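Colleague: Quick one: structure below, then a few questions.
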Amino acid sequence: MIQFKHRFQLIIFVKNRQEDLFKGLKELYEFEVNEDVPRGYIIGTINNQSKSDFKFAFKETVHNEYFDIEKSTGRITTKVEMDYEKINNIYLTIIASNIKNSRAVRIIIVHVIIVDVNDNYPTFMENTTWLVVRENSQMGTYIGRIKAVDLDSGIYGEVRYSLGEDAPDAVIIDKHSGIITLAGNFDREEKNFYRFGVRATDGGGLSSMIKVYLFIADENDNPPVLEMEYNLSVKEDVPVGNIIQIIKVSDLDTDNDFNFHISMQGNERNQFGIHNDGKLFVKSPLDREQCARHLLHVFVADQKPPNLVRTASVIVTIDVLDVNDNLPVFISPQPMLVEEEAPIGSIVGTINATDADKDDTPHIHYRIVPNSHPEGIFIIDPLLGQIQVNGRIDYEMKKEYSLLVEVYDGDNHIPSLTNLTIKVLDKDDVEPEMYNIYNASVAENAIIGEVVTRINLKNAEKVGSSTRLFEIDDGDPLHYFAISPRTGIITVNRELDAELVSAFNLTVSIRSFFDSKKRSTIVKINVINVNDKTPTFIDGDHMTILVSENISGPYPIKLGAATAIDDDPGFNGTISYAIIHGNTTLFSIEPNNGEIFVHEILDREVQDIHQVIIRATDLGIPRLSSTILVSVIVQDINDNDPQFELPYYKASILENSPINVSIIQVRATDRDANENGQIKYMILNEEKIPFRIDAFSGNIYSTESLDREKVSTWQVEVIAADNGKFVQRSSIVIVTIEILDENDNPPLIHNDVFDLYISENAKTGQNIKYHKSIGDIIHAIMASDADSNDILEYHLTGMDSESFRIDKYGFIQVVENLINKSYLLSFKITDAVGNNATIDLNFYTTTAAKFPQFKNLSVLSYEVKEGEEKLIATLKAFSLNTSSSGIIYEIVGGDSAKDFILNRQTGELFSTKKTDYERKSAYVLLIAAIDQHFHPYISYLKLRINISDINDNAPVFDKILYECEIGENVDPDTKFCKISATDKDASTNGLLKYSIDEKEAKKYFWINEQSGEIFTRISLDADLKAVHRFTVSAVDQGSPQLSQTAIVNVHILDENDNSPKFSRLFNAEITENSPRGTFVTQVTSVDADVFSNISYALEGDDSMSFAINPKSGIVKTVTEIDREFKSEYSLKVRATDGIWQVLRSLTVKVLDLNDNAPLFSNSQYVFNVPILTIIGEDIGQIKATDADSGLNGKIRYTLRCPNDYFVINALNGTIRLLKEFHFDANTTFRCEAKAIDHGIPQFESKVNLWIILTEVDDGRRSCPSVISVTFPLPINSQSGDIIANLMHLGFDQKTKFAVDDPRFAIKEYSLIAVSNKFDTKKISLLISATSRENPMIFCNFTATLELTEDNMNSPKFTKEKYIFNVTENSPLFSEIGSVLARDDDKGINGRISYHIRNITSFPFNIHSNNGSIYVNGPIDYEEDHEFKLLIEAIDGGFINKNSSVEVSILVSENAAIGTEIGRVTATDIDSHPYNSTVYIIISEKDNSLPFSINENSGIISVTSQLDYEFISYYHFHIAVKIFNLTGSNISVDIFVESVNEFEPKFLRKVETFKDAWESIAMGVASLAISTVSIFPGILAVCTRTIVGKVTALDFDDGRHGQIFYAIIANKFIEMDDYFSEILVKRNLLGDLLEEVELEIAAFGGKINRFSNIQPDICQILIKFTETPPIPLMEPNYLLQMSEDAQPGTRIDFLSFSLPHGSKAEIVESERQTDQVYCMNVDSSLRLCGPIDRERLAKHFLTVHLLEGDVVRSRTKITILIQDVNDCAPTINPSSAVGFIRENSPSHFPIMKLNPVDNDFPLTQKLFTYKIKSDEMNKIFSIGEYSGILSSLRTFDREKRSLYQIPIEITDKGRPPRSSLQYVRVHIDDVEDNTPSMQPRNIIIESSENSLLGNVATTLPVNADEVTKYTCKAINASFSDFVVSFCLLFSIGHFFA
């Protein structure tokens, strides 16, 4: 049994019964004392008697800290200063004892009351506070509250608030509450930052001050500002995508989200686009011949709706410069006539060609192709195109010549060809005779070629048709008519226009041959007007409208107008407009004027281009129309960040390597183009680390020799920033650089005591050489080496070394008995490469009793976790000879790295955080107990400490990026790649498992988690995705688990295995009554295979009405389309590439024409109106409907009455009283109303209205929102059952009802069944509602009763809880999600309606029919970021049932995981199961997309966190799979919007500088300025002088990364936001202090008081010094320089000299790759390189003026290069070629030279020409000024076929420049040589027994190249050969 004992002390007080012992003492005393009394203050006295028999003492010691008590008198005094706020009531228990009777005691209670004094100041929660108020806020707006507390009580603790003197006048503070409100107006653009004090004062007059920063938040109250206009010139062959101008915009507001767009007007063909950074670019190819000048209307908006949007616009004029990109085009030549025997040189006619290129037509050259006219009868003037006779013409020999004529321009030698027919006229001598006048008429729409009349001759039978020649000589200058020269038939030659010319009087002549006399007659032709002018769009067949997305309403908004003209008069020229193809819900057109409207907000992220086809139709008979394709382009902005190739980088370098060694190269890419895509690299805080980076290549170099012992690893933050001008975007990557060790440090010995006492009785072992035991440890050598993993070796030498040994730990041990009094030992410590250190120690022996002894420890080996701070053991030693200083403890061996701590006094041994298992897993520590005598005595204890591993090392991959390859279509489970990682940790902490991170990647690949081998999961398709990029992880098995990631790129090798794929879903629209051949749409498809030949065909029942071009895919109508017959056609388009074929649906919707008039609901209307009706009250409504759709069916109403008492609402037909009646009752008004539709032509209907005045209210009133209603009717209803309560429909209590069906009755507002005979499933009732007070007030409505069985089931929601995400500021009515409930009942019992309980408290509503939840009010994340709704689903049963579900709606600034962001839908007209589709995402780059798609519904959701700074744009495709076959796909673009996640931070917060020049050297915020003494003691500084620069960083990108600065109001200094520079605000003349203190705030674009975001503050001290002033440069300078200026030329641009220590410096040179300008010492410019105006005509420089290193002002310098004549004329080699036909007459023109000169146009076309060859001067001549080269003789090609002519061309510049150019002239062949008809022997050899086919040619020998022969056999020896086309053929069999 265990016994427990406890000891108590019991005090028993015995009270003396005689009260006299304590006479004069009370049991309770109460004293008061002020809290501020000093120590020793007497509070009170218990015993006031002069002689005391008492002793007093405190019973308890709890209050002894506050008071003392005098034992004899009981006087209580203060022991400390009292503090009311700590304790204010104290009860003291005092024991009073009687001296005479020590056992007699009395308990006395003393109540001490501490009285408060005002000794506490009001205290604020913080030293400073931030307040925000928006500019333009209303007076009284709450700004913030200041709160202070005062610990004093009563009035002393009451605080009053007041504003400091520096507070702005526009704020006031409530003195009681501290609430600050607005009392005036703030304008942020005038002043945006205030600092003032608020004083808190208590009732005793003590006060404190708090510093208040008031920030004025921005409102969008300033419009953006653009330059006035831009005038640009671009070549028409400029590549698409080229940036041609940056439109600069500024805005005084801070929070700007600029959106640019180009108006459709001027950019109708959508040839130009603009990014949201203002970069204007070429969007589609330009064509000067189509449009030489573009006037673009560029608009910019500073925000997006629903924010307040302000806009500005500018006109950009673009002149398109010509390039030679068009071939000459022939003007179709008519057949020419030539009379036989026409003399040589006669001009037969002229052939003409034009060149659309500017100025190219005069350089056109003509040539007859030699092979087409070998006879050479005709030649052509190469310059004029005149056909001339150059040989004898014989009608009997040849009646017609067909020539091939080519034409080419001067630079482009690719010819255009045309056929020319020249007919030969036979001579005749019979003169034809005509009548005097002929009359004819023709319709103006007659087609070209239509016969008008015929000229019949009186003697037609005598004049042969072959010799007559009719001509129109006069009356038709524009050649509207043509006459057949042989028959005299007059035909229409070009389109007629009765509006221009309605009658012609033609003079027609006839002659029998050219030289005969003409005979003439008059032909009168009347042109009959018809509707033949098709409306023509002024913009051609295509126009482009540029419109910004998210334009603020109200809608519809006009976008532009598609204007067409029709020259026909009257109805024939009246035009109506309609959209026949495109989204007519989104767009509409005003039918009368063609104005195009948009009806909804456009979202570029949803669709960036919309196309509609607009038809303009006139009202003539027949109706004519034309169409135009209108492209509406939705604009966007630049928003891509540079992206590094790897998520992190690792590199290493050996320490002590030379500087500028390349360590690693980082690479980043930027999807933006041009400057925005040009990346520069920089290192963050580069000045603080020994590395630099090449800004362009990304190579990182060392800048100094590295020492691993100082820093072993560097974390370098590399920034990749693009070159955007306005907003630079950047990304950061971490580069870890490990410094590899080099053994460059010798061992270091830490021992500092060299004379030591050791015990003479030390346990001895024997020498280790003899394998004897080892003795005691007497000392240790503590040594270390700074190099890593360097193992030290200890060596013992010296004469006494045989008695000792030293082990690997440096511990010195005794191995022999110590017999000597002293020993001298030498030690040498060496490292791995031989570096060493030595030490000599003297040991003296003494008695063992003098040494301390360790107390026995039960354990000498311990274990601790690495990095653990832990008490390991407490070591105790004792000594019989302890010194006065005692024993201390030290670690003297085994811990050179100081990984353990030993308390010198207590002997407590601790481990530290420095222990690292991977560095050292076990320690042998030598602990010394030191008795601190003058010569200390030391004993040693050896402990072993084992370090256990923790999981503190993450795995490390051997590569960051793995590149792997595998062929497509390989079998699943094919191994193709292996990854590997290592982990320094031990056991399970270092055991690794591998995994693939992305869910999407796991669909395609799997990984062996132990080996890291990667396998395919499915067969891969390179055409769907050529590269898969995913992340792999290596995870250890420690706790907690650590991991590392790497990137794997899998390249799929392609095979040819694809079918065609349609590019999109096809839907088209066409207007009814369109003629046959009308364009419907164009289908397109793609085939991923390299070689594909896709053809198209139509299928389906509706395909008979349409036809498709099998190659182009253009679909047209082949029958007339009638909407009333069929409003929609469903077709199937088949695309096949010969092997594969695919089908796609094409739906053609037929658009309506206005062919129906409105129809009124009544034939007439009667309205009874009380005489006392109020003005403006409705008296009735008329209603009409129109069967047409769209605007054709939109109706407006008009009303015509004999007076003006009534007015009609044109939109809804409601008629209202306009003014008060002054008639008697029963007065009747007859009015006529019209219903007019909006179609063209307009149709209307009329109806009569009778309005009767009554004494009482006799008019009908509408039912309360009731048109029809449905009620359930139980199938087993009995007579008397209540069916419905009609009052629930919204009627008032004064209504009575009636029903028209005898099976039902009305009782007490309820519908009651009185019969149970229901023979149909639905019953329709007409119910009348009548006012009980006025029976004349009634209305009718329809109630449908639907028979239903018992309602068995309640609605059930598909989920137990719904969670949706919505972004703040979502637009109204935007859908955020849907709930769904199901009810297994049928009919009305299963119809579900949805409702939100307590809907008034939420900014949401729900569509009752489908459960779709939408935004119905403003959503503000700062006010509420989560809503919980209770959605109720109610079925339609007679006894309805319901269920409810909770819906949580989370408001987030970023799209949360699971957010639904869109939906795609694919349709397949096949039936089940062949229409089952599965959706998949296909990414072209990698599989790490943060999105997924529901494979069944097509809903796209967010699957991982989106980060705008990491990726802001995603592009992928969504494909449809049917039975594992991938069908069509659609492209998806997702743009991540920027969110303000980071706030700007200054690099340095406080800067204080002693003088100006020190401040320059100290860093970021160092500011200094020099002033000059104008008068004694007066300093002066110029306005806008730059004082200095501050720098803040914001890690956001996009507009949220823009930093703005605000400066505390100061009369001397202001801030430049753009350059973040501090400027002098005004000229300082005498009022400048020596110092100026500033506070500058850095903030993002948008701050409000709910954001909890405070701008960052930088405090600045500016000191002014008396040094010479720095003049200011002008903002801009315009200079000129001649292009022949030599290097060294000086350019002065400053009008002043700079003081000492100042200089100008060129910091930027735009558009100039090589800097050709330098800055002289005196700050003038110097030309230091060659310049060439022809290469660059304008140079732009940015120059800074510096004082020391501080920029004081800057300027932009434009240098115009003046032209000099330094370019000689040249000729394009392709144009230096001419042709002339042999036998052409001398002096015949050959060609005209067209030289070019790159100098200014003054010398462009002024040249002289000279042949520089005496030989060629005899053969050719050239016009000195014309450049026309001509022949001086006839040529014979067979003698010479090519001439090369040297020609000197000289310009007219000063000085003139010349060049020698060579022109080649080819002689074209003519068949002018007789062939040689010598007999030819043909020997036939064949190895075969028979020979069939072509044997040989039979052409004669001829020197000509162009010949025409006819061959025939005249004396063949046998009939086995024939001759055909001059080829000899064998047709028989013969044998050798």
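Quick reminder: no glycine exception, Cβ is built from N, Cα and C everywhere.
Whatever TrEMBL says is automated annotation, not expert-curated.
TrEMBL feature annotations, pasted as is:
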DOMAIN    25-124  domain 'Cadherin'
DOMAIN    125-226  domain 'Cadherin'
DOMAIN    226-330  domain 'Cadherin'
DOMAIN    330-434  domain 'Cadherin'
DOMAIN    434-537  domain 'Cadherin'
DOMAIN    645-749  domain 'Cadherin'
DOMAIN    750-854  domain 'Cadherin'
DOMAIN    958-1062  domain 'Cadherin'
DOMAIN    1358-1447  domain 'Cadherin'
DOMAIN    1443-1546  domain 'Cadherin'
DOMAIN    1694-1771  domain 'Cadherin'
DOMAIN    1772-1877  domain 'Cadherin'
Colleague: Count the residues of the domain 'Cadherin' (750-854) that DSSP assigns to helix (H, G, I), to strand (E, B) and to coil, and report the three numbers in that order.
Modeller: 9 helix, 45 strand, 51 coil
Colleague: Using DSSP, how many residues in the domain 'Cadherin' (330-434) fall into helix, strand and coil?
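Modeller: Helix, strand, coil within the domain 'Cadherin' (330-434): 6 helix, 42 strand, 57 coil.
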Colleague: DSSP-wise, what's the residue breakdown of the domain 'Cadherin' (1772-1877) into helix, strand and coil?
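Modeller: Here the numbers are 10 helix, 44 strand, 52 coil.
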Colleague: Can you break down the domain 'Cadherin' (1358-1447) into helix, strand and coil residue counts using DSSP?
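Modeller: Secondary-structure composition of the domain 'Cadherin' (1358-1447): 7 helix, 41 strand, 42 coil.
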Colleague: Count the residues of the domain 'Cadherin' (125-226) that DSSP assigns to helix (H, G, I), to strand (E, B) and to coil, and report the three numbers in that order.
Modeller: 4 helix, 48 strand, 50 coil
Colleague: Quick one: mean pLDDT on the domain 'Cadherin' (125-226)?
Modeller: 88
Colleague: Using DSSP, what's the helix, strand and coil tally for the domain 'Cadherin' (25-124)?
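Modeller: Taking the domain 'Cadherin' (25-124) as a whole: 0 helix, 46 strand, 54 coil.
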